[in-house]
Amino acid sequence: MAQPATPRTMAEKVWADHVVAHGTGEGAAREPDLIYIDLHLVHEVTSPQAFDGLRLANRPVRRPDLTIATEDHNVPTVDIDKPIADPVSRTQVETLRRNCAEFGIRLHPMGDAEQGIVHIIGPQLGLTQPGMTVVCGDSHTSTHGAFGALAMGIGTSEVEHVLATQTLPLRPFRTMAVNVDGELPPGVSAKDIILAVIAKIGTGGGQGHVIEYRGSAIESLSMEGRMTICNMSIEAGARAGMVAPDDTTFEFLRGRPHAPTGADWDAAVEAWRQLRTDPGAEFDTEVHLDAAELSPFVTWGTNPGQGVPLSGAVPDPELIVDEGERQAAEKALTYMGLQAGTAMRDVAVDTVFVGSCTNGRIEDLRVVADVLRGRRVADGIRMLVVPGSMRVRAQAESEGLDRIFIDAGAEWRQAGCSMCLGMNPDQLSPGQRCASTSNRNFEGRQGKGGRTHLVSPAVAAATAVRGTLSSPADLSAVPAR
């Protein structure tokens, strides 16, 4: 097949491969393109009205074989064999079960061996593959872009449109390259990279763009790390985030339940290798970071862009030139109960949460276990370790990680979104402060009046041991036995 004369970015290639019909018109008056959707992920919160719309129009689900559902946002992470106590949560879960049964959609319910957070079960089952278009009624669908897929969150009306037609009307996005080159210092993770990126470009810096993460530091990451980075693309305002598929991607997918096999596998890998951005392709925007200059990162405010290195201090709003940003910082410090100039390492927490679609994978749990091994959670600190899926939970238990967590004084939970958001029993009380491996630190995100600091799994574990925001480098060595 002849290559187009104009070099294309990866996002442009995937888009072009999925255009069912081009929109007509020019400029701002141009109609959207109609894009085919390869994989539709569904959960209990954003789908009920979409299914109701199908019923009212007497429409079936167009491709139930390309639609998969799970229960994650509202489910409890303890006593999962008992009825859900909260009536709203219980109704949403029961409604999803009825809808999936009626419309013939595969569902992984609470307690199922493959149940878990929607953005963790897709990749672990091999459903998410390079070059796909993936949608879900959830902001963090961008996670799947780590495989070289064009993945984005959609609203409830769009969920209904995809259920009915397996297509979505979309306008082309702008493209942004975030280049992270060099070698990461010891103790610096994918979570630190993405928090630094968002702090650099702001929560609106990627608005209207698909971000492609590039450079030697990105290429050195595992698939789990790449998923962490793409997961938080939306926190920079981007529509999606992507990483070019490579041998790391292919080895992750090889042998998974829905991955191609035999000759189909060989053909798929050959096609996937062609997705990489062409030499000479131009991005609308480019951003550069030197990996060697990065360090463990934490947030101090109430949006993911309000972050500083752990070695730094709470910023002084008076030094912020932009009036809007200054006012936002003042408001954030009031809500967070922090004083300008306070060293981040002096900020004490009540709770530590490890989990979410950002950092609830087996690699994340191994990092936490390495820090906690032979140590204890500090007095007065509550630590929740919540696997992102039942498969992750089973793997962790087969490796004995659960015993390390429990022996250290942490709570080992069932799979679910848990304390990432205040839609289930795992919530902060007003005024409580949490070091969290999740993706959002908005006011009340983890419970009304709760205060959230976004951190990496390693920082979360060290914080649990010391009781203040810390990295493993701050801990005393474990005595030899």
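Along the chain as shown, the residues are counted starting at 1.
Keep in mind that glycine also has a Cβ here, set from the backbone N, Cα and C atoms.
Under the heading [4Fe-4S] cluster binding site, Swiss-Prot lists Cys357, Cys417, Cys420. Sequence annotations record features per position, and here Swiss-Prot assigns compositional bias 'Polar residues' to 429-441. The region 'Disordered' annotation in Swiss-Prot covers 429-451.
Note: the [4Fe-4S] cluster site is recorded as Cys357, Cys417, Cys420; in the same chain, Asp72, His73, Ile117, His140, Gly355, Ser356, Thr358, Gly360, Gly388, Gly416, Ser418, Leu421, Ser438, Asn439 also have Cβ atoms within 8 Å of that site's Cβ centroid.
DSSP places the residues of the compositional bias 'Polar residues' (429-441) in helix, strand and coil in these numbers: 0 helix, 4 strand, 9 coil.
In this structure, Cys417 ([4Fe-4S] cluster binding site) belongs to neither helix nor strand by DSSP; it is coil. DSSP assigns Cys357 ([4Fe-4S] cluster binding site) to a helical segment in the three-state reduction.
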